[in-house]
Amino acid sequence: MAGIGSERGAVELCKGINGLDKVVLRGPRGSSAEVYLYGGHVTSWRNDHREELLFVSSKEIFKPPKAIRGGIPICFPQFGSNGSLEQHGFARNKFWSIDTDPPPFPTNSKSFIDLILKPSEEDMQKWPHSYEFRLRVTLGTGGDLMLTSRVRNTNADGKPFTFAFAYHTYFSVSDISEVRVEGLETLDYLDNLENKERFTEQGDALTFESEVDKIYLGAPTKIAILDHEKKRTFVLRKDGLPDAVVWNPWDKKAKTMTDFGDDEYMHMLCVEAAAAEKPITLKPGEEWKGRLELSAVPSSYCSGQLDPQKVLQSS
Ligand code: TA6
C-alpha cells in the first residue's frame, strides 16, 4: 500500500468531517476521489476540472451510526427492506479498516485503496455468518472510478450464506428534468411504488417527471446517464451485478427526509448496480466479486458528439 500517508501523494489518509478517517485518492491531472472508512463510503469523485460528479446532501451531518446521504453507499447484506436487518443492511453503518495484506489484485493505477470489513461478535448476533468483505476503490489515470467488492464466506460451520448487494450511487446532475438514462429500455422492472409489482419499461430512454423507485431486472453491463445541460454523460459499467435500481424521491418524499434538502431531488439521480432481486449464495470458501466502473465523458446529445447508443455498443 505504497504512498499512503499524510503527504499529498496518490493516496492520502487524513481526517474528514467530524474527524472521521478518510482516504483521498489523487489522479495525475487533477481528478480525485474520497473514501470514508465509515461505511467504506465514497463521498466525492472529481474530474480533472475539479468538478464534483457525485451528489452528497447539504443536510448530511456525517454522524455515525446514521448512513451518509449521498456518494456511493454500499448496501450489504440486504437491499432495501427485503429482510430482517436494517434498511440496506449494515455495511454502510460500519467502520471499515484499511486492508494491509490484500490478496494480489493487479491494477494499473497508483491511486487505489483496499478496505476490509469483518464481523464482530456483536455483528454475528444480528447476522450469524463469518465473512471477509474486501473493497478496492481505484481512481484510474483517466479519472475513471472503479469499485471492486469481494465477499468471501469464512464460516467454519460449513454453512452457506445468502446476501443482496448494491452500489447505491448518487450522481450529481444539473436538472433532473433534463436527464435521460439509456440502456434500460424495454426491460422488466419491479416498482417499489407499486408493491414491487412487475412491469415492462417502454421503448425510449428514461426521463424523469415524478418520484421513481424501480429495480430493473437483467440490466445490461453498460448504462448511460445523460445530463443534457452539463453536456456530460456518465457511463456506468458493471460486473457480477444483474440488476439496476433507479431512484429519485422527488418533492414530497424529499420533504420527509431530514438528511435531504427539499429541492435537492432536482440535482441528483441514483442509478445503482445491484444484485437486489435474486440474492447471491456463497458456500464456505467461496468468493463473490461485484465490480462498478464509472466514467464521465463530455457529451452533447443533440450535437451527437456522443451518441449514447454508440457508447453502449462500444466495447
Ligand atoms: O435504492 C432505492 C431505495 O431502496 C429507495 O426505496 C429509498 O428508500 C432509497 O433506497 C434510500 O434509502 P435510504 O435507506 O438510504 O433512505
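Placement of Cβ uses the backbone N, Cα and C atoms for every residue, glycine included.
Lifted from TrEMBL, the feature list:
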ACT_SITE  HIS168  active site
ACT_SITE  GLU272  active site
BINDING   ARG69, GLN87, ARG92  substrate binding site
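Structural mapping of features recorded in TrEMBL.
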residue: ARG69; record: substrate binding site; CB count, 10 Å: 22
residue: GLN87; record: substrate binding site; CB count, 10 Å: 13
residue: ARG92; record: substrate binding site; CB count, 10 Å: 22
residue: HIS168; record: active site; CB count, 10 Å: 23
residue: GLU272; record: active site; CB count, 10 Å: 27
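In the vicinity of ligand 1, defined as a Cβ distance under 6 Å, the following of the binding-site residues ARG69, GLN87, ARG92 are placed: GLN87. Take ARG69, GLN87, ARG92, the residues named in the record as contacts for substrate: the widest Cα to Cα gap among them comes to 13 Å. For the substrate site, the Cβ centre of ARG69, GLN87, ARG92 serves as reference, and the other residues of the chain with Cβ at most 8 Å from it are LYS66, ALA67, ILE68, PRO73, CYS75, HIS88, ASN93, HIS168.
Cα separation, GLN87 (substrate binding site) to HIS168 (active site), rounded: 12 Å. Among the recorded positions ARG69, ARG92, HIS168, the ones whose Cα sits within 10 Å of the Cα of GLU272 (active site) are HIS168. HIS168 (active site) and ARG92 (substrate binding site) are 10 Å apart (CA-CA, integer value). According to its DSSP assignment, GLU272 (active site) is in a strand. Secondary structure at GLN87 (substrate binding site), as computed by DSSP, is coil.
Residue pair HIS168 (active site) / ARG69 (substrate binding site) shows a Cα separation of 10 Å.
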